[in-house]
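Visitor: Below is one structure. I have some questions about it.
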Amino acid sequence: MSGDEMIFDPTMSKKKKKKKKPFMLDEEGDAQTEETQPLETKEVEPEPTEDKDVEADEEDSRKKDASDDLDDLNFFNQKKKKKKTKKIFDIDEAEEGVKDLKIENDVQEPAEPEDDLDIMLGNKKKKKKNVKFPDEDEILEKDEALEDEDSKKDDGISFSNQTGPAWAGSERDYTYEELLNRVFNIMREKNPDMVAGEKRKFVMKPPQVVRVGTKKTSFVNFTDICKLLHRQPKHLLAFLLAELGTSGSIDGNNQLVIKGRFQQKQIENVLRRYIKEYVTCHTCRSPDTILQKDTRLYFLQCETCHSRCSVASIKTGFQAVTGKRAQLRAKAN
């Protein structure tokens, strides 16, 4: 059937595809092709063909849509990474695991206890220290050093069978320390009241100071302090007036009236200097002393250690001019 003879049929929507037939030879040797053979056009029923074609198209479109969706999902999943779930550390399970590991290590290597310590401390291996054993010479040197330190410590205890000096009965010469110890021992025997290493305190009544008017000060218990110090009032009065740089006198009530304003602290400081210089012994610091005057010098004699030493004479200090200079010059002339 040629192309000119083909008639357009509007009822036909689609034509079936022609099946290709293989090239066949007839018995006569004439080759027949599909074009030479007369083909009868069969009218296709419209209804069944249209339904089949529509269904086929729908299936193809569904498959394409499904494949497109799968591709989109795969692409989306590649972009999104899954979050790793954090494993919760269980202490009980870890302890059980450590115990199991301990048991296995004990069974396999019972002679190495360091592996157990490594497991307990988070697999941290300790460095092995090389233990050095000291020699006998080092031990002897340490013992001698300890003995020297013990001998240096003075605990007041000494063990000796000797009653006399340490050098007695031997040809060796005595040392300075031995002589010094002998001197202190003799002092303790002669003076049992004295205790070596302790300072004797001199206790005295505080001075009573009263303000008299606006320009004078009264030392109330002056005579009582003179009796406690075993000193003459004239000597103490001269020292007080010289140190304070003023003038004063003793009234009828045996009170020292000093010209000027003075506080109790100032008089206490003056009395402390007087006691240190003219009362206490310069050798043993004992207050049991006697002040004697020989020719023009004063001597301090101790009744405890029987020492005798000279003391400085009282000198008047600087005195400021308080009155009018014209009146002083007139009196002098």
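Using the three backbone atoms N, Cα and C, a Cβ is placed for every residue, glycine included.
Found this in Swiss-Prot, in case it helps:
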type: MOD_RES; residues: SER2; note: N-acetylserine
type: MOD_RES; residues: SER2; note: phosphoserine
type: MOD_RES; residues: SER13; note: phosphoserine
type: COMPBIAS; residues: 13-22; note: compositional bias 'Basic residues'
type: MOD_RES; residues: THR36; note: phosphothreonine
type: COMPBIAS; residues: 40-51; note: compositional bias 'Basic and acidic residues'
type: MOD_RES; residues: SER67; note: phosphoserine
type: COMPBIAS; residues: 96-105; note: compositional bias 'Basic and acidic residues'
type: CROSSLNK; residues: LYS102; note: SUMO2 cross-link
type: MOD_RES; residues: SER158; note: phosphoserine
type: MOD_RES; residues: SER218; note: phosphoserine
type: MOD_RES; residues: LYS265; note: N6-acetyllysine
type: ZN_FING; residues: 281-305; note: zinc finger
type: MOD_RES; residues: LYS293; note: N6-acetyllysine
Visitor: What does the DSSP secondary structure composition of the zinc finger (281-305) look like, as residue counts for helix, strand and coil?
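Guide: Computed counts for the zinc finger (281-305) are 0 helix, 12 strand, 13 coil.
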Visitor: For SER218 (phosphoserine), what is the secondary structure state per DSSP, taken as helix, strand or coil?
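Guide: SS state of SER218 (phosphoserine) = strand.
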Visitor: How many other Cβ atoms are found within 10 Å of the Cβ atom of LYS293 (N6-acetyllysine), counting all protein chains shown?
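Guide: I get 10 for this one.
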Visitor: Express the distance between the Cα positions of LYS293 (N6-acetyllysine) and SER218 (phosphoserine) as a whole number of Å.
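Guide: Taking the Cα atoms only, LYS293 (N6-acetyllysine) lies 29 Å from SER218 (phosphoserine).
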Visitor: Three states by DSSP: which one describes LYS265 (N6-acetyllysine)?
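Guide: LYS265 (N6-acetyllysine) sits in a helix per DSSP.
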Visitor: Can you tell me the CA-to-CA distance separating LYS265 (N6-acetyllysine) and SER218 (phosphoserine), as a whole number of Å?
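Guide: Each residue's Cα considered, LYS265 (N6-acetyllysine) and SER218 (phosphoserine) end up 14 Å apart.
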Visitor: Would you say which of the modified residues SER218, LYS265 has the most Cβ atoms within 10 Å of its own Cβ?
Guide: SER218
